[in-house]
Amino acid sequence: MTNIRKSHPLIKIVNESFIDLPTPSNISAWWNFGSLLGICLILQILTGLFLAMHYTSDTTTAFSSVTHICRDVNYGWIIRYMHANGASMFFICLYMHIGRGMYYGSYTLPETWNIGILLLFTVMATAFMGYVLPWGQMSFWGATVITNLLSAIPYIGTNLVEWVWGGSSVDKATLTRFFALHFILPFIILAVATVHLLFLHETGSNNPSGMTSDTDKIPFHPYYTTKDILGLLLLILMLLLLVLFSPDLLGDPDNYTPANPLNTPPHIKPEWYFLFAYAILRSIPNKLGGVLALTLSILILAMVPLLHTSKQRGMTFRPISQCLFWLLVVDLLTLTWIGGQPVEHPYTIIGQLASIMYFSIILILMPISGIIENHLLNW
């Protein structure tokens, strides 16, 4: 008799994805972030569901409903802070996952990579809308500033902004639709992530060497399930340390002031995980130019496979590309820092230089380094 896990229509899918899946024997801890992202998504959906039970999407009561969750609901404070800081953990894992893909050349699997970019855009949109829901000062002004960027689109811009707002300004209609979208999008992300996984399992995983591993595969369970559980424990430890000791570390104090359309905060800025893109947006004095640079800063990932010039897949044996990659990481950290600073000298010029550096490394220097390394192979 065939084992039920291999014959049952539903259990068979789980078996082929997480148990008997042939996996390269040499994948490192950098391959843990995919499973951690899945865990983060489930955690966000669960905590978000419980928050939605007590939240009201009305401009007059939204702020007080969040306060009510923290003060009066049983363990409401931990649910709220797990959700808020869970988003930060989500983006840490997301950026590590993308970084791993760029370093080891995982972008050579085009379907998986492009669906990943779609996922990134969707997660960013979801996180942005979630930040608006507590209806604090930074929620309101962040929503106003970011949605207003759509007005830079020629001809249809102004109409588009008013259509998104549901009126002439960010108000009740905006909050209600953002709540509705923020609730539905994680389920869409879950569906798209399943397709992401489906395409990955069509080709099989990449590995640190960048070479084919068909001759050296091991079952996913128990080897990588155990490895993933270790990653999960470390993730939960970090999240709980953040939630229980300094839950507001990554938040903005301005968001503890109820939204007031008549009073603009001195420094409007998004959550920390969007600061690098915000710095790129601000580094261009022209509105349309800034919006284009902001969009390109993420869309540039779709160009990475086209700009691959090296004969080798990953950067494991490519020292020049490695230096450029870590320079890119430092550049992104610099942009993140600049995004949180006021628009004044010397921050403006540092932001502009870091933005030029960001696009130069990906579009010019990395393809050149690939060509140089190809020639070095012939020495």
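Using N, Cα and C of the backbone, Cβ positions are placed for all residues, glycine too.
Note that the structure is a prediction, hence the values are computed from the model and not measured.
Annotated transmembrane segment per Swiss-Prot: 33-53 (among others), in sequence order.
Summarising the annotation, Swiss-Prot assigns transmembrane segment to 77-98 (among others) and lists similarity to another entry as the type of evidence.
For the recorded site, H83 (heme b b562 binding site), the DSSP three-state label reads helix. Annotation comment: Swiss-Prot describes H83, H182 as heme b b562 binding site.
Following the DSSP three-state reduction, the secondary structure of H97 (heme b b566 binding site) is helix. Marked as heme b b566 binding site by Swiss-Prot on the basis of similarity to another entry: H97, H196.
The feature transmembrane segment is assigned by Swiss-Prot to 113-133 (among others), with similarity to another entry given as support.
Summarising the annotation, Swiss-Prot assigns transmembrane segment to 178-198 (among others).
Counting Cβ atoms from all protein chains shown, H201 (ubiquinone binding site) has 14 others lying within 10 Å of its own Cβ. Annotation source Swiss-Prot lists ubiquinone binding site at H201.
If you look up Swiss-Prot, you'll see 226-246 (among others) marked as transmembrane segment, on the strength of similarity to another entry.
Nonlocal intrachain contacts for the transmembrane segment (288-308), taken as residues 6+ away from its ends with a CB within less than 8 angstroms of a stretch CB, comprise 98, 102, 105, 107-108, 110, 113-114, 117, 120-121, 124, 149, 152-154, 276-278, 280-282, 355, 358-359, 362-363, 366-367, 370. Annotation source Swiss-Prot lists transmembrane segment at 288-308 (among others), citing similarity to another entry.
Residues or ranges marked as transmembrane segment by Swiss-Prot on the basis of similarity to another entry: 320-340 (among others).
Positions annotated as transmembrane segment by Swiss-Prot, on the basis of similarity to another entry: 347-367 (among others). Distant neighbours of the transmembrane segment (347-367): 279-280, 282-284, 293, 296-297, 300, 303-304, 307-309, 321, 324-325, 327-328, 331-332, 334-335, 338-339, 341; these residues of the same chain sit at least 6 beyond its ends, with a Cβ under 8 Å from one of its Cβ atoms.
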Around the Cβ of H97 (heme b b566 binding site), other Cβ atoms found within 10 Å total 20
Of the binding-site residues H83, H97, H182, the one whose Cα sits nearest to the Cα of H201 (ubiquinone binding site) is H97
Cβ-Cβ distance under 8 Å, sequence separation of 6 or more, same chain as H196 (heme b b566 binding site); the residues meeting this, in order, are T112, I115, G116, L119
Sequence-distant contacts of the transmembrane segment (77-98), meaning Cβ under 8 Å and at least 6 residues beyond its ends, amount to 30, 33-34, 36-37, 40-41, 43-44, 47-48, 50-51, 66, 69-71, 116, 120, 123, 127, 130, 235, 238-239, 242-243, 247, 250-251, 271-273, 301
If you measure between the CA atoms of H182 (heme b b562 binding site) and H97 (heme b b566 binding site) and round to the nearest Å, you get 23
One stretch in 33-53, 178-198, 226-246, 320-340 has more Cβ pairs under 8 Å to the transmembrane segment (113-133) than the rest, namely 178-198
Here the 10 Å Cβ neighbour count for H182 (heme b b562 binding site) comes out at 21
